[in-house]
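Single-structure report; data block below.
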Amino acid sequence: MLGGSLGSRLLRGVGGSHGRFGARGVREGGAAMAAGESMAQRMVWVDLEMTGLDIEKDQIIEMACLITDSDLNILAEGPNLIIKQPDELLDSMSDWCKEHHGKSGLTKAVKESTITLQQAEYEFLSFVRQQTPPGLCPLAGNSVHEDKKFLDKYMPQFMKHLHYRIIDVSTVKELCRRWYPEEYEFAPKKAASHRALDDISESIKELQFYRNNIFKKKIDEKKRKIIENGENEKTVS
């Protein structure tokens, strides 16, 4: 049995040490949990340019990716890659694709690229693994269901990392056009550059518009405005 004074000092020391580390551990654990929950709310924005929309024969020729938080703030810009495809496939594209991909310089860039589809998937998968937890963050974009079809087929490991749900800005657009036609007239118009990174940036800006002008304000924001208005009325009176 420990002697009184020595024992009490040792016990106090052990207890104090554990108490301090225990509290710090709780704080660090809480911070880690909050960070994990925050990361789970992120959105994985993707845009593809393809040789066409036929999933049986067409291929991905450009892909870009951005990560935003739940408030649509851009947190990270991922790879923006042009993927090599055979000239025969490019020559068989529709007139629309030949015109727009030719005008944007994408066709020429594809011919000059040395990046394979497998290399591209590895780059994008590495990026989203660094930025998002597995299986929790949804794919986001404009008419992103079309992109998803190609990603499911050609980049299955990338898609396996994401949540099965998607956030499609075009759905919000169509609802806004029907339910809020006056506000819809002020929605940002797409420049139609038909380049992946530009299209993602436009999609994020468009959803920001709908959020700010169509979706109702958060309760806390409403309360703040009510308080501010009340203070202003007191000042005026």
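A Cβ is built for glycine as well, from the same backbone N, Cα and C atoms used for every other residue.
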From Ser92, Ser113, Ser170, Ser201, the one Swiss-Prot labels phosphoserine: Ser92
Record-annotated phosphotyrosine (source Swiss-Prot) among candidates Tyr122, Tyr154: Tyr122
Nonlocal neighbours by CB distance (under 8 Å) for Glu49 (Mg(2+) 1 binding site), same chain, sequence gap 6 or more: Ile60, Ile61, Glu62, Met63, His101, Leu106, His194, Arg195, Ala196
Lys173 (N6-acetyllysine) CB neighbourhood, other CB atoms within 10 A: 19
Residue among modified residues Ser92, Tyr122, Lys173 with Cα closest to the Cα of Asp199 (Mg(2+) 1 binding site): Lys173
In three-state DSSP terms, the structure that Lys173 (N6-acetyllysine) belongs to: helix
